[in-house]
Amino acid sequence: MGAFCRADGHHLSRVPAVPDAPTTDQPTGGYATLQRRTLRTLVVGQVIGTVGVGVAPSIGILAASEVTANEAWAGLARTASTLGAALFGIPLGALAARFGRRVALAAGWWVAATGAAVLVPAAQFRLVPALFAGLLLIGAGSAVALQSRFAATDLATPQRRGRSLALVVWVGTLGSVLGPNLGVPAAAMKDLGINVYAGAFLIAACCLALAGVVVFIWLRPDPLLVRQAAGRARPEARVTARQRLALIRDELRVNRRARYAVIAIITAQIVMVAVMTMTPVHIAHTGGDITIVGITISLHVVGMYALSPVVGQLADRVGHRATIGIGIGLFVASLLVGALRPHNLTWVVVSLLLLGLGWSFCNVAASALFAAVVAEETRATAQGGVDALANIGAAVAAFAAGPLLAASDFATLSLVAMVVLVPLAWLTVAGARSGPS
């Protein structure tokens, strides 16, 4: 017989009675089946959804320049989707805490689909307010893509948590590659009077809406609600936005390992975004063309995602802190190359590849660590808060990197990014004395 998974009187959905959370390497019985079903659904939704989200940092940037015809306004528009991801992080986490992953993830995909739909007339008729609103809303898709990785860990055993999380991160590679190329099929809509940007956003809206449908229909039973029922954990109560922030703050104050994981996630995001966003500008100043820019960013994306399953397995086997340490080493190697060989485009490409790898090692391991140590009572809310903080850090880094590059050079930007790594490196070395984490 099924049992209601909420203990506070809110009858949301039925989940089957399941055994206590597994502690062995492989879940047994129905629990393993639920985890496999959850991963399949998350993977399918992630692939479809990230195709839609992928238009924001590529076609969205081009559309911003086209619609605003003003570089200053275009620059603000380019950060709108990142700010949107930050703004939606905590609300989506709170929604998951109250109603489960299925409702939160589906709602996020549908909000992003609405944003993409708003961008269609914005691109077609050069509507600046609609451009900002659409890019802000499509940022919800980025927030969902991030929270999906945590959903993959809800039913995972401790020994497979990193691999489950990494799988969902890895399939995002497809969206990162396909999303920027939606302009190709969109060009076929010219005969209908729809320009290439509007056509790309229309396709993105369909992908995002479909991702929401996939999650809403097939993410059953809800992994977070099953976890709450199996672990006898008290579901998070309804609280205000200020109370949610206080819960996250209190959790980080008393939970040293969670605090370390958050610092690692945010640091990796700041370092990666600061250097990555300015690399195309630096390549152009160095004499490189759009082909070199495309190759560089593509290899950077490969570095970010392609080895995620390997990184997840490594984190499960050697520990999160050791894996983060490897990521820091890759970051340092990347930034040293950027500082010492800034005018050699071949070495710049190598630097960006190493930058992506460093981000992958730090982000996957730190996210898996956070999922493992955060308190059940604040699990979903805190995970949403971490993603919000990471996106805020990314937005600040993107804003700051531009003036820094204009006032100095790429080598200086690389050295400053290296300084940002120092606190995380110190915490990693100091914490190693307490044993593997």
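A Cβ is built for glycine as well, from the same backbone N, Cα and C atoms used for every other residue.
The domain 'Major facilitator superfamily (MFS) profile' annotation in TrEMBL covers 38-435. According to TrEMBL, the feature transmembrane segment maps to 42-64, 76-96, 103-124, 130-152, 164-184, 196-219, 258-278, 290-310, 322-340, 346-374, 386-406, 412-432.
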*asked:* With contact taken as 3 or more Cβ pairs under 8 angstroms (pairs 6 or more apart in sequence), are the transmembrane segment (386-406) and the transmembrane segment (258-278) in contact?
replied: yes
*State, in range form, which of 42-64, 130-152, 196-219, 258-278, 346-374 has the highest count of Cβ pairs under 8 Å to the transmembrane segment (412-432).*
258-278
*Selection from 42-64, 196-219, 346-374, the stretch that has most Cβ pairs under 8 A to the transmembrane segment (290-310)*: 346-374
*Among 42-64, 130-152, 196-219, 258-278, point out the range having the most Cβ pairs under 8 angstroms from the transmembrane segment (76-96).*
130-152
*Report, as numbers and ranges, which residues of the same chain sit near the transmembrane segment (42-64): CB under 8 Å and 6 or more residues beyond its ends.*
73-74, 77-78, 81, 105, 109, 112-113, 116, 119, 122-123, 131, 135, 138-139, 141-142, 144-145, 148, 151-152, 167-168, 171-172, 174-180, 182-183, 197, 200-201, 203-208, 210-212, 214-215, 218-219
*For the transmembrane segment (322-340), which recorded stretch in the set 130-152, 196-219, 258-278 gives the largest number of Cβ pairs separated by under 8 Å?*
258-278
